[in-house]
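As given in TrEMBL:
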ACT_SITE  Cys99  active site, proton donor
BINDING   Gln69, Lys140, His169, Asn200, Gly201, Glu202, Gly224, Arg225  FMN binding site
DOMAIN    5-268  domain 'DUS-like FMN-binding'
SITE      Arg36  site 'Interacts with tRNA'
SITE      Asn96  site 'Interacts with tRNA'
SITE      Tyr177  site 'Interacts with tRNA'
SITE      Arg276  site 'Interacts with tRNA'
SITE      Lys278  site 'Interacts with tRNA'
SITE      Tyr283  site 'Interacts with tRNA'
SITE      Arg299  site 'Interacts with tRNA'
Amino acid sequence: MSRLLLAPMEGVADFVLRDVLTRVGGYDGCVSEFVRVTGSLLPARTYERETPEIRNGGYTASGTPMVIQLLGSDPEWLARNAAQAATVSPHGIDLNFGCPAKVVNRHGGGAMLLATPELLHRIVSSVRAAVPAHIAVTAKMRLGVSDTSLAIACATALEEGGAASLVVHARTRDHGYRPPAHWDWIARIADAVHVPVVANGEVWTVDDWERCRAVSGCDDVMIGRGAVSDPFLALRIRGQMARAPSDAEWPLVLRCLVDYLKKLHARIAIHHEHGRVKLWLSYLKRTWPQAAELHAAIRRLQDSIEIQGVIENALAQPGRPGAANG
């Protein structure tokens, strides 16, 4: 069976959501939100805060391996920080060359680096030299900044710099997250390099996963927003749940939401919790109409305990907004 990886999603897939989604199951690995590297050596508490899986040997609570992802543009500082991160990230160090966010790109990081294949090579080779040989250095890229003219050059630069594998998001930076994803370009990149390539982008359903693999030629797929909109997508792909979502599964989704909120209570500042669960519901609306009703019911609420009560009532009392039916 091919591998399924949970994608890094800045501002979405924090360690709490990684915990919940990997507990649901079906993923062979996950990658952290990016840890930003500038002109300093990050303190250990940064990794303890952003990637608490390090206290469990680099595994989520369910036993799924987690890789720390670094983002930056300075080869020397990335190398120094990667060497430190490698002491607590035994499953690998991933480098972000795909983030399309303006605040990141303004400082020359993320997908902006795809304009300079030579710098990509310097970064990866510097990190590879700084990290112990038994720890993989991997990279996540897009197809380019505004077009695909440097896609092959960038992938080749990453490979020659020492990347053990590449995740390719099948859009340019300027395309953002607008469909379609150009899986055919992943196939071109996979043909041009000699390291494993993982396909990424616009996989929302089992049908999408099948088409992505067929077009890209890649066995392994990384799933991002599709995993958040359907927590059971990996299990569907593996044939362990029904191929398509159904209303009968909504109570399971509500239980995931309650679990998520309880874990948030224990982990982050109370005033952030309500925004996190509303964000997840905004993704779930794509799959279950009940999520839209529940989102409307809690939209104005600011107290996470009150929000949890609404969700638990929906689970216990069919007929309420967002309730479990049947």
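Using the three backbone atoms N, Cα and C, a Cβ is placed for every residue, glycine included.
Note that the structure is a prediction, hence the values are computed from the model and not measured.
Distribution of TrEMBL features across the structure.
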residue : record                     : Cβ neighbours (10 Å)
Asn96   : site 'Interacts with tRNA' : 25
Lys140  : FMN binding site           : 28
His169  : FMN binding site           : 28
Tyr177  : site 'Interacts with tRNA' : 12
Asn200  : FMN binding site           : 29
Gly201  : FMN binding site           : 31
Arg225  : FMN binding site           : 18
Lys278  : site 'Interacts with tRNA' : 15
Tyr283  : site 'Interacts with tRNA' : 18
Arg299  : site 'Interacts with tRNA' : 10
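Maximum C-alpha to C-alpha distance over the listed FMN-binding residues Gln69, Lys140, His169, Asn200, Gly201, Glu202, Gly224, Arg225 is 21 Å. Spatial neighbours are here defined as Cα atoms within 10 angstroms of one another, and by that definition Lys278 (site 'Interacts with tRNA') has no neighbours among the binding-site residues Gln69, Lys140, His169. Distance from the CA of Tyr177 (site 'Interacts with tRNA') to the CA of His169 (FMN binding site) is 10 Å. The separation of Gln69 (FMN binding site) from Tyr177 (site 'Interacts with tRNA'), Cα to Cα, is 20 Å. Cα distances from Asn200 (FMN binding site) to the recorded sites Arg36, Arg276, Tyr283 are smallest for Tyr283. Within 10 Å of the C-beta of Gly224 (FMN binding site) we count 22 further C-beta atoms, all protein chains included.
A 10 Å radius around the C-alpha of Asn96 (site 'Interacts with tRNA') takes in none of the recorded positions listed as Gly201, Glu202, Gly224, Arg225, Arg276, Tyr283. Checking the recorded positions (Arg36, Gln69, Cys99, Glu202, Arg225, Arg299) against Tyr283 (site 'Interacts with tRNA') with a 10 Å Cα-Cα cut-off leaves Arg225.
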